[in-house]
Structure formats: C-alpha cells, structure tokens
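Written below as structure tokens is the structure these notes are about.
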Amino acid sequence: MLGNDYFRLAHNDVTGKPRLHPLAVDLGCAAALLAELIGTRRVHVEDSAISVADRRPPEDSLMHVILDQLIAEEGRRHDIRTWLNFLSKQAQTQLAQRLLRNGHVRISPVRRLGRQTGVLYVPVDMNVAAKPWALLSQRLRRHEPLNYDDLALAGLVLATGLESFLLDGATSATSEFLRHQVGRLWPLMRSLLHHTHAAIGDAVLAHRT
Amino acid sequence: MRNPDIPATSSNVASTLARSRLGTTAVVIFVMAAAAPLTVTAGGATSGFAITGSEGIPVAYLAVAIILALFTVGYVSMSRYLVNAGSFYSYISRGIGRPSGVSAAMIAILAYNAMQIGLYGGFGAVLSGWLNDRFDVSVAWWVCALAGWAVVGVLGVMRIDLNGIVLAVMLAAEVAVAAVFAIVMVAHPVDGVVSFSTLSPGFLVASGIGAALVTAVTGFVGFEATTVFSEETRDPRRTVARATYIAVAVTGLLYGGSAWALTVATGPDKIVSAAQEHSTELIFTLVQPHLGQFFVDLGHMLFVTSLFAALLSFHHTVGRYLFSLGRERVLPGVLGRTSRRTGAPKAGSIAQSVLAFVVLVGYAIAQADPIIHLFFWVTVSGGLGVLILMTLTSVAVIGFFARDHRGEPSWRRIGAPVLATAALVWMLYLTVAQFDVLLGVGADSPLRWLFPASFAAAAALGLVRAGLLKAWNPDVYVAVGMGANAAPASPFTLVPSLAEAGQP
C-alpha cells in the first residue's frame, strides 16, 4: 500500500527515526493517505477542491476512517489544503498504527532525561522496511519506466523533499528523470502533490517554535 | 483557508485545526520579541541622539507609531487577500505591478540584510564592552561579533528558533527593565524639573527631524511580521490586525517614553552631548546611582540577549525572503531548497551568513567604529530600505482596492492608506534630503548619497530582472509574489506529452 511504502521511505529502516523534518513527515503522511484514496478512485480532486467519488466502505480500516471523515464534512467543501492540514495532525500515527496492527513495526519509547517524550515505530524486519526505497531508487537509477504505484510514491518523495535521500549520489540526469516521470502522473495526483509541496513551503515560511 | 461563514464548533476539521491556531497574545509576543525592545531603548535611541544631534527623537518615536498604525489599517486589510502575505513584495507585486514587485524584493533583501548585519556591530561592541567592564576580559568587538555570527549561522541552518516561552520571558523582562529604567530616570530629573520639551510636536517640522524619524522607523522594523502568521490565527480578520496595533502601540509608547526619560535625566539641552560621551552606556550610567549594580548587570545581560534575539530574527527574515524568491525562481532555484532533516531554508541561510561574515571581516580590517559605522549607519540604512518598502506597500494597497473594493469600508481601502502614504512619502523625502545629518557626515560627503543610492541600484536590478523574466520565463513572471504557492516552484505543474499515462 502506498501509505505504508511512503511511511517506510520516510523513516529509517533500522531505527525508525524520521528522515525528514516533522512538518514534512506529517504533511507527507497526510498526502499519502489521500493518495491512497485517489489511487483506489474513492475521491476526486479538481483544482483545489476534493470530492468523494465512491462511498462504499473500503476494506482497510484506516481508509475507512479517512473516507468517513471526508464524507461527514462533504457539505462544508473544505479545500485540499485544509484537509492536508487536518489529516497531518494524525496521519503519521495512523499509518504507524496500521503497520503495527499488521506486525511490521514494534513500539519503542523515546526517553529524554529519563522521561518518556514520545514513541518510535521500529521496523521488525529491516529488509521489508528498506524495500520500497531500494526498489524505487534502483528503478529510477536505471531509468526504467515506472508503473502507477512507483510513480505515486516517487511523487510523494519529490513533494516532501525526500529525493535528496532517495537519489543520494545519483547523477543529475537521474533527478531529471524523476522529475520528468512525475510530470506524467495523472492530474488528480499532480494536483494533490502540488498542494503538498506548497503546504510544506508555506510551513517553512511561517515557521515558529 | 478556513471558510469564516461556517461556525467552527460544529466541524471536526475546523475545531481540530482551531486548537493549534494562534491568539493575539502569541502573535504580539513573536513580533515584539523579534523587535527586541532593549536594543532600541538602550542602543538605537542613544546612538540616534549622539549621531543625528536631534533632541526630537522621543516625539519622532511617537509620530512614527501613529503613522505606522495608519499604515497597518490598509496593510492588514490587504493581507487577507494574498497567498504570500508575509513579504512586502507580494503586496507591491499585486497592487502596483510585477516589475515593482521584483524591485521591492531586491530592496527588501538589501534592507533586511543591512538590519541584520548592522546589529552585529551593536552586539559585538556591547558584549566586548561589558566583558571588559565587569570581568576585565579584553576582547575585540569583532571577535564577539564573529562569535555571535557563528552561533546565529549554526542556529539558522539547524532551524532552531528561540523557544516561544523563552522569548516571552525575555520580552517581559526587557519591557520591565526598560520601564523601570524609564521610571527611575523620570523620578530623578537633572535639575529637579521634569521637562516635556522633547515631546513637543514642534520638532516634527524643525530641521534635522528626518534623521530622527528614520531612526525611529528602524526601531519598529519587525512589526510587519504579524501577517506571516495570518493563516495560523484563530480569526484571520481580527487577530492579525489587533496584534499589529498592539505591537505598534506598546513599542511606540515604550520607545517614546524611554527616549523622553533619557532627556529628563540628562536635561533636554545636554542629551546630545551626554549620548556622544557615553554612547550605548548612557542609559546604564544614568540609572546606576539610583538602582545599584544588580539592575545594571541585568540590564546589560538583557541588552546582549535582546540584540541576539533580533539578530536571529532578522537572519530568519532574510532566509524567508530568499527562500520564497528561490521558490518563485525570481532568484536561483537553489535558494528555494530546504534542509531535509530540519526544514531550514538552508541555501538562503548560508548565503546570509556568508554575506555577514564578509562585511564583519571588512569592518574589522578597516578598523571602523562598530557602533557608529556598523550598528547605526547600516541599521538606519536598513530602516530607510524598509521605509521605502512600506511607502510602496501603502501605494499598493490603494491600487489593489481601487481595482476591486472587495466589500472593504472606504476608510480601510482609501482613507487610511492615502494618509499613510502621504506621511510615509514625507518621511522618505526628509530622510533622503537629510541623510548627511543622519550619518553625521558633511553635507558634501559622497556617503550621504551612497547609502540611498544602493537601494536605487537594487531597485534598478529588480526592474532589469523583471524585464528578463517577462521575456524569457513568462510563467515565472506571472507567479511573482506567490511565494511557496508559485506554480514554477512545483515540479508537478509540468504537463509533457503522454500526460495521462500515469493512471492507476
């Protein structure tokens, strides 16, 4: 699933620590949740408006929760930036919990000065955790044509600034290839990714502690 | 982002987002802490008296506060309709035109860099002077300045801001110390008489007031940052406006009152010579006999931390401008990159630090005076740049609402902006005409034209850049002023052939 793959890419495969700054991880995970719904043609994006296309309950419980939220506030016509901001509050934890339910990660406490300050979701099997990164990185470096799932993941990577990790040490032709491939995504996804990229940029501008 | 017509309580999305939004107090604290009150009351005001030789500094602070409050009316009204409301050039680009917008962006980069780099002079001189007085440690000012530079540079790249609570405590302490100092000075007037003569509006038409006015404007720079938070406030229509008025009013009264208290303690006729003798130590020298060493040490420490907070804040401001221009591709796109792990606008931050380093080393080699030639000259030149930006922004507000009223009352779209523009143009004229007084150089010195001319050069550079963009990169040109939302910023707007290929 796209969300799982993005979560794995955005976190260290051994320690479970994020590879991105917190705001980008949160917004990236929110975008990944919406991207899964877009990929399964549950929701539709046009310009900055988001609408529900298919109301049948999804099998996956997390997708079910997210779609329910979208349906409940359909009449309010929140734009995609509002949804990204809203989902970003919970998205990282929600994706981690899904991995936890399926036995892919375990919870490990983060302690600072003897107090628990948070939790990390540490991968159970680092080979599984590193797989999305290894496959995508290799395909991009070989300039292989990407299928939709790879493209969507590559798009999320580019929108959240993970490409410097994904293509570490690769030639500029490879990052050019990544940009070109992502430009081929269907407009719905490009619209989502454009807003994700801009939302992270705005968060950088309005940074405060 | 949020639709204001829908009640916030009944929506899960709206109420979740509302929980993390900022209230008026938070915005005021962020903005005022960056403006660093003690920097102005102890540093800016005393240097202003010493170098301009004008006794009218106190009334200038009050007059500037009123003018800036007028400016705020239109500025905040327009900020609600912009996507990149934190940067002056966005207003100018939308209200006057994109070429002026690009020019304004270049002026802004120069001006905020000048503010930041000039502050290093104050920081270095005050810290080295204090270390020498209290601990008998003799360190050159530029060593202290470079130490501050190194810390700011690292914090800038690591994206560490001073914590909100730390800032709030520091701000409260600074305001308390400045207020106590002012009260003590007023309670001990020099000849036993409290003179109000330096608050006389008559100074506003006297000769040499231009220098005092721009000194005062320099002290307020930073108040405009309230609009950066406009998307994150509880009630975008009210919170930002209220926070800006409060910030302007509180700083205006504090600065004006404190500068007036200085003149009471020395006597209005002796303030200039006293300021020339003691420079930034004047305020501490005046209160020492009445308050004792503890308060003076506390004041010194807060003076240094306040200068540091201002340094960091202006460093972030420059980084923000460079980032948003890099994202728009008005400046090289590399400036729009952020650090992966910290989200800092890395390239912009490094560029600012490199520039500051070069200037500091230049000043150290030239053995120029850190307070007069760096702190005062360069920050007031930055103040002049910000004054130019505010004047243009005020014109932009009139232009923006002239095309479409957008249901704003006429006071907000015409009344206040026209009055503010007139006042700002008047200040700008006086400042440029009296720049020799401001620098304390002879009327025929080329320096008096050099500083204002640097802004003209930046503006000209901006016009050329805008022309090139219009001819070669129309999509970049169209998006000027959009900041992170600009289409050229995004890799996802390209639609090459076979665009629909990537469907699930």
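Quick reminder: no glycine exception, Cβ is built from N, Cα and C everywhere.
Pulled from TrEMBL:
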| type | residues | note |
| --- | --- | --- |
| TRANSMEM | B:21-40 | transmembrane segment |
| DOMAIN | B:51-433 | domain 'Amino acid permease/ SLC12A' |
| TRANSMEM | B:60-83 | transmembrane segment |
| TRANSMEM | B:104-127 | transmembrane segment |
| TRANSMEM | B:139-158 | transmembrane segment |
| TRANSMEM | B:165-190 | transmembrane segment |
| TRANSMEM | B:202-223 | transmembrane segment |
| TRANSMEM | B:243-262 | transmembrane segment |
| TRANSMEM | B:301-323 | transmembrane segment |
| TRANSMEM | B:344-365 | transmembrane segment |
| TRANSMEM | B:371-402 | transmembrane segment |
| TRANSMEM | B:414-435 | transmembrane segment |
| TRANSMEM | B:447-464 | transmembrane segment |
For the transmembrane segment (B:21-40) and the transmembrane segment (B:202-223), check the count of CB pairs under 8 Å (sequence separation 6 or more) and say whether it reaches 3 or more.
yes
Residue list, the transmembrane segment (B:447-464) vs rest of chain: Cβ under 8 Å, 6 or more residues beyond ends.
99, 102-107, 109-111, 377, 381, 384-385, 388, 432, 435-436, 439, 441
At a C-beta cut-off of under 8 Å, are there same-chain residues at least 6 beyond the transmembrane segment (B:202-223) that contact it? List them, or none.
31, 34-36, 40, 44-45, 47-48, 51-57, 59-61, 63-65, 68, 115, 244, 247-248, 251-252, 255, 310, 313-314, 317, 379-380, 382-384, 386-387, 390, 427, 429-435, 437-438
Within this structure, do the transmembrane segment (B:243-262) and the transmembrane segment (B:371-402) have 3 or more Cβ pairs under 8 angstroms, counting pairs 6 or more apart in sequence?
no
Can you see whether the transmembrane segment (B:243-262) and the transmembrane segment (B:139-158) are touching - at least 3 CB pairs under 8 angstroms, only pairs 6 or more apart in sequence?
no
